[in-house]
Each structure stands twice: as structure tokens, then as C-alpha cells.
Amino acid sequence: MTKQRLVIIGNGMAPGRMLEHLFETSTDYDVTIFNAEPRVNYDRIMLSPVLSGEKTYEDIIIHGDAWYEDHGITLHRGEKVTHIDREAKTVTSEGGITAPYDKLVIATGSNPFIIPCPGHDLPGVLAYRDLNDVDGMLAAAEKGGRAVVIGGGLLGLEAAAGLKMRGMDVTVLHLMPTLMERQLDPAAGYLLQKELEARGIDIRCGANTKAIHGKDAVEAIELDDGTMIDATLVVMAVGIRPNVAVAQEAGLTVNRGIVADASLRTSDPDIFTVGECAEVDGRVYGLVAPLYQMARVAASHLCGTCDKEFMHSETPTKLKVTGVNLYSVGEFGDGPGMEDVVLRDAAKGTYRRVILRDNKVIGAVLYGDTADGAWYNEMLKSGQDVSEMRETLIFGQNYQGGGAVNPLAAVANLADDAEICGCNGICKGDIVNAITAKGLTSLGDVRAHTKASASCGTCTGLVENLMALTLGDAMSKAPEGMCGCTTLGHGDVRRLIKAKGLKSIPAIMQELEWTTAEGCAKCRPALNYYLVADWPGEYKDDQQSRFINERVHANIQKDGTYSVVPRMFGGMTTPDELRAIADVADKYDIPSVKVTGGQRIDLLGVKKEDLIPVWADLNKAGMISGAAYSKGLRTVKTCVGTDWCRFGTQDSTGLGIKLEKYLWGSWAPAKLKLAVTGCPRNCAEATCKDIGVICVDSGYEIVYGGAAGLHIQGTTMLGKVATEEEVIETIGALTQYYRETGFYLERIYKWADRIGYDHIRDVIFDDLDARKAFADRFAYSQTFAQIDPWAERVAGAESHEFKPMAVLDAALEAAE
Amino acid sequence: MNVALAETDLTWRHVGTIDDIPRQGARCVKNAEMTIAVFRTSDDRVFALEDKCPHKAGPLSNGIVHGGCVTCPLHNWVISLEDGTAQGADEGATASFPVRLEGRDIYLNLSA
């Protein structure tokens, strides 16, 4: 028997989900999809995290190319269907592709509503619907300036927060008096506005756009009251309209959306519709949960089981702006017979309101702490009488029955049919069954098998609690936090510093919800480094978050004295420098003088009070700090190369000096030691350094990732270049990549193991543009870093570090 | 006046002002017997401990100050600024001294 032909117009989340359900039960169809966008199916509700930089496009793909291949689906990308011939049962695209169908599904989604004010068609006016819009916004954000977002609803605010995180100035214009008035009452709208304003977003409610001005592109926006606001980008997020054009043209019954019955059949029995374009029982939908329900229903009718019907239900709203927690469901207006229970905590900025009618929950608005949202929603759905718990209802589930407050108790008390994941309609029972039946132990597994928390992710905490409850100790632990002050690992912290534009240690601790007031000796130096590396010229180094060695620019020894190592570029020195070092050792009674492994001289046992005069003398002789104490560039070791050596192939000493002059002063995740050796005999031991250069007749081999400490390993080849200039650029780029992505205290070999040697080569060796961009960023950062810390302190900086505040004994005072 | 009285009081010695110490930092006060580390927290409280870790005598004044504690620069012991005791699994205590803040002036009592 030949298969039936199923044609789908549209490749969004609803038809994607419908096909998944269909393939679970039936293989009777040959599927052809026409997609007006040139892409595979991706998670549209995750566009906001892509905009803000918290996720990438790859992260939000639902069905990759392989999925279409595996299921034998023909996908026409970038082909918009313009005509349906219901007589001949064919569809035809703009590009002239015609496909016959036995069953057709229209899933054309919706179009953003564009306010038809003057100037709405200027370049720089965007909607917020798909990845093209996000790309447009990101391009605008690169250039900076002010973005004006029209619309203070869910999408508009997510766009505003994302653009702010991308570094733009942002103004939100909202027609109504409070934000998100369809989902939030004025009190919660106020808290939300306050939170967003605190992030620097300018919010103007009651603002009506009159015109957009600009010559060749957007320049300003004019309000009804004559106010002009400069703008380089305008984002319209004022609502959506079901996209019904092709259905209308085909003569199907169309109202606001394409009219369908409870089985999602249109007025033509062979044509179904799902998604935002569909209208069932007079309602159209824009949130994902009902759209996924449509997908399930349509699939059941396509495969012939016909056991499902679409039913309207209230869908909770959540805002996907990191750090803003709000939840609303059901009704919240004032109406006859409606009673409110309200709980506020001004200090914490939380607000909670439950709306009752006839002793039943009919709505809830939560701001700040939303953990009980699912519980209220469950009561709303079940219509249970709450008069028994009326007194304690507002405190949430943990306070019912006087039980101990325990996060697991909340999920333990939920009924099996309580919905955990609103996006995907997954109940507690589904998740528990999947965990026990399939032996799932990680969140990733649970997501893969049940889809719970795999869409917007706001129910992740609930799912994790459910896993903990079901599995006990067998649950795979999430990666540990960088210290006891946070559950976030170094990678998350680094990513969020950039994504959220966090530029101070207190900002990081607040926004990333540190559990301690001011961090600890483990996280503060790490955060300080990340800020130094990520915001050169903007961030002011926090001395109190530096380990003592980096604060006083010398190495503390076991007796509390210090060691001092002046820099000797490329390991070269002069009789004058040596004399100055000898004089300093004599003058300040320095007990030990030692030659280091990095080809320089260490003065050990210097008293803290003597550091400044010692440095002053060394500075006078032309020497600067060797940074022998730093998580940063230490030394560039060299051999004598062509200057003296019979075997030398290149000027290794000269190149080492150039490299050290280029790199000195830079901070890095951990110490960075280099060597340049003049021939493969490797006298400078370049093949066990963090970064090494091996000179050969035809050029320079750059190697890296060596270690000769607790762990011993040889370097790995990065690549070979022909000139000294290329060596310097490549090493600058490699250093910068390590600086930008390394974890604090992670040596370069561990970093390379973690992110991959092949990947590093792709990024900074094979891609010449990227190499240059990294090297340029390094050079820019160096303009702030190459200041000799010794000279600064000799001139008076941080003087409190070096002398006592008071000397109480008279005799002692005289001696000092 | 309080300040004048305190200055004449031999047990309480004026050692400087709070502005002499960076927030989350420390300065040393020396007398014939020992060095005392005077700490200033991020919320402007002031504490004094002997500048000597109970573990291996590391100079606590050089440590990182956080959440009412200082981490010794030598081996990362965490010492309470309040009473000088080692936190967590480590055991031991360093001497602590009463400090009084009057306005911005710091007075130290070493005889207690």
C-alpha cells in the first residue's frame, strides 16, 4: 500500500510537535514541509535567551537536519506557500514548487502587528518574532545607541532586557498604565517596572507612539505628547495577528484565525490547522502549552486514533528575564464575588495574591517567589474547595498541615496528575514513571525522555526536586559551584558576567545570587580576575579581592617576609643591572639571592617595610617588576640562538625579548610561562612550557599546553608560521582566548584539555580574522595593563599596604 | 567629651582612624611585644587580632577579609575577626583585643 501524502505549511514548534506525536504511532505518511524561514525547527520561546546571550541558536534547535532525514521528511526551506488548490489537492510555493497532498496541515503561525504610524517601514524598525529579528537586533546592539521597544508585554520586556544585556540604552513605551496588564495586576506590574528600571531600562507607561523619524534609517521616535526620543533601533512588540492569508485565499472559513473544530479540522475535512493561526471555539492562542495540546490532538486525528479533543484551559504566564520571577494564571480583575488574599514583603520585594470565588482558586499572581505557582494552578484546575486552608493558603504549600518547610515536601504533596511542565503539559506522574521505568538519573535524561523543563526551563527546579524525591542519592549531581558561596560553576559565572554586563563584584554577587554577603577568599580573586579580563579600562581592580602577593607585588614567604624578582626580558641582563641587584641585597640585608628557573634573580627574605625602597632602587637601575607572584605572564625563557650558538636557526633571544615586551603585565587565569628555543635541541625547554616557540630553518613552530609541575606533559603543536610578527600575533591571540575563557587557576594545559586542542586551532590559528580579532583585544587590554606596579607604589599608590598604622612603644617608634 | 577622656585613658590607645584602613582590609599596629592586625569590614566594623595565624603564624593582616572572617595568606585557614577562632574543621585561636570606634577614631585596648 502506498503511503498517504501529508503536506505541512509551516515549520514551527506546533507542527514539529505534531509530527513527533504522529511518528510515535504511525508511519503511514510521506511528509513534506514548506518553511518560509530558511531553517530547521527551533524553539521560538527561547529567542529571548539568544538575544540576551545566555543561549546560542544551536542550543535552541529542536529538530536538527538529521531528524528530518531519519523520518524521510522533505523540507523546503525558504519556500513560502502562496496557493492551495483544494480541487486538485496541491499546494504551490512562491518559488514554484508544487506538492500534492492527501492531508494538509496549515501551521502558518502569526505575523507581528506593526503600528502603521509614519516611518514604520524605515530600516531599523523590527518586530520580535523570529531569528531574523534577533539577528537584526544583535547587529543594531553591536553599534550601540538607544533601542526603543514599543510594547510592555511579555515579548517587549524580554526584548528590552535582552537588548540592555547587549549593552544598549533601552526605553520601553507602553500604551497602558502598568506593564503586562493582561497578565499582571498593577501591584505586580509596579514591582516589575521597579526591577527593570533598577537595571537601567527606561520605562514609560501611558506612552502612545505618533511617528518614527529618520532619513535613511531610524533616528528618533515621537510620542503623542510631542516628546522626542533618540533611537537607533525600534522594536515593535505590540501583539500578533494569526497568519490566515493562504487559508483565506483557499476559501476556508476564517475568522480571527483559521476556524477549526475540536479535532483541529478546518472547514475542509482534509485540511487541519495547528498553532497560532488556528481558532478553536472563538479563541486564538499565543502561548506554547495550548499549541502543543493542539499538536497532540491533530496528530491523533491524522493517525486515526481520534481519541483527543482540544479543550480550553488557563495557561500560566512566566517572563523569561533572568532574575525576574513572576507567575500569573487565571483571573485577577475585580469582579462580583471575587475575594483577594494578599501577602507582601517590601524588603524582599515579593508579592503574592490569590483570587478566590466561592472558596475556589480562580487566579494567582506571584512576584519574586514563584515556587508555589504550580500548586495554585493545580487547585485552579481541580476547582477544589479551599475553605479548610483559607488561613494559610497564601503562605504556600509548605505551610499546609503544619509540616516542616522542606522543598521536597512541596513536590511530594503534589498529585500524580499535577502539571509540572506547563509548556509541554507534563504531569508529575509522567516524570516519576519515566525516571523509574527508564532508570533516568540526570536532568538531561529526564528532559530528553519526557520533555519536562525542556522548553522555557522555568520549571527546572520542580523537576529537579521531583528527581531528588524519586531517586534519593542516586541522582546525578549538577556540577559543583566555584565555591561555597554559589552553585554556579566558573563557566556559568564567566558567561553571565558577559551576558548580563556585570561590571563589579557586588553586581555579580547580587545578580547571580551569591549565598554569602561578600564572597570568600576563593571566589573573590576569581571574580576580580574575570572582571579585569572582561572589561579592560572599565573595571577598577579591587585590591582587597587580590591575594596578598598580587596586592603587594612580591611573593609572601613562610616567615611573612617577601621575595622580589625584577624582570629580565628574555633572560638577558647587564653588568649594571647585576650591580644594582647586588647593591640592593647589601643595603637591605637581604639574606638569600637565588637564580630562578625562569632565567632571572630572586631576592628572598625582604621585609615588607623594605619593599618600597628596594623597588625604588631597582627602578632607578631600569628594572621593573618581574611579576613572579602573578596569575599572569611570568617569564619568556630563551636560548642564545643565532647570536652565539653554532646550531641556532633564528634569533631566539631577540624574539623572546619581543614576546616578553609584548606580553608583560597581562593577567591570566593562572601563571603563564613561555620559552623560545633556537633549534629543535630545545635548550630553552620550550616543550614543557605553557606556550613555547621552536625555531626551525623555515620558520617558527608554536606549541602550547606543556606542564612541568605536579603534572608533567609535553606541549601540543598549535601550528607553524613564517615570521616573528605572526608568532607574536598568534601568541597574543592564544593568550587572549585563554584569558577570556579560562577558569581561574586553570593552567593553559587544563584549559586546552577542557575546550579541545582542535577547537583552539580552528579558532585562533586557522581562522585568520578571528586570530587578528583576539590579538587586537589583547593589545587593547595591554594598554591598561602595562604599568609597572613597583613604580606606581614607589610613587605613593596603596601606601597603606607597606607601613604600620601605629607604633605604640616609644623606643620602638624611635627605632622605626 | 568622650574623645578627650579616651585619649587620657591609658588602657585605650588611639591608633588611627577608620579611614586609614581600606574596607575589607587591615593595617598593623606594633608595640614592643607583638604586631596587632586591625581589620575593617565592608560594613565599617573594626576588629583587632594578633597578626599571627594559630596554624603557622601567618600574617593575618595580609589575608582576604570576607563575611566577618579573614583567610590567612599562607595556608587558607579562616579566622573569625570577632574572637580569633579558626573556622570549619581547623582548631585554634589567635588573641583578640577590644576595639572602640568613636566617630572615625579607633581605640585599642591591649591590656584586656
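Placed from the backbone N, Cα and C atoms, the Cβ positions cover glycine too.
Pulled from TrEMBL:
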- A:5-285: domain 'FAD/NAD(P)-binding' (DOMAIN)
- A:557-620: domain 'Nitrite/Sulfite reductase ferredoxin-like' (DOMAIN)
- A:631-766: domain 'Nitrite/sulphite reductase 4Fe-4S' (DOMAIN)
- A:Cys639, A:Cys645, A:Cys679, A:Cys683: [4Fe-4S] cluster binding site (BINDING)
- A:Cys683: siroheme binding site (BINDING)
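In the domain 'Nitrite/sulphite reductase 4Fe-4S' (A:631-766), the DSSP tally of helix, strand and coil residues is 55 helix, 36 strand, 45 coil. For the [4Fe-4S] cluster site, the Cβ centre of A:Cys639, A:Cys645, A:Cys679, A:Cys683 serves as reference, and the other residues of the chain with Cβ at most 8 Å from it are A:Val640, A:Gly641, A:Phe647, A:Gly648, A:Ser652, A:Thr677, A:Gly678, A:Arg681, A:Asn682, A:Ala684. Other Cβ atoms within 10 Å of the Cβ of A:Cys679 ([4Fe-4S] cluster binding site), summed over all protein chains shown, number 21. The DSSP breakdown of the domain 'Nitrite/Sulfite reductase ferredoxin-like' (A:557-620), given as helix, strand and coil counts, is 29 helix, 14 strand, 21 coil. Take the CB of A:Cys645 ([4Fe-4S] cluster binding site) and look out to 10 A: across all protein chains shown you find 16 other CB atoms. Across the binding-site residues listed here (A:Cys639, A:Cys683), the residue whose Cβ sits among the most other Cβ atoms within 10 Å is A:Cys639.
If you average pLDDT over the domain 'Nitrite/Sulfite reductase ferredoxin-like' (A:557-620) in this model, you get 95.
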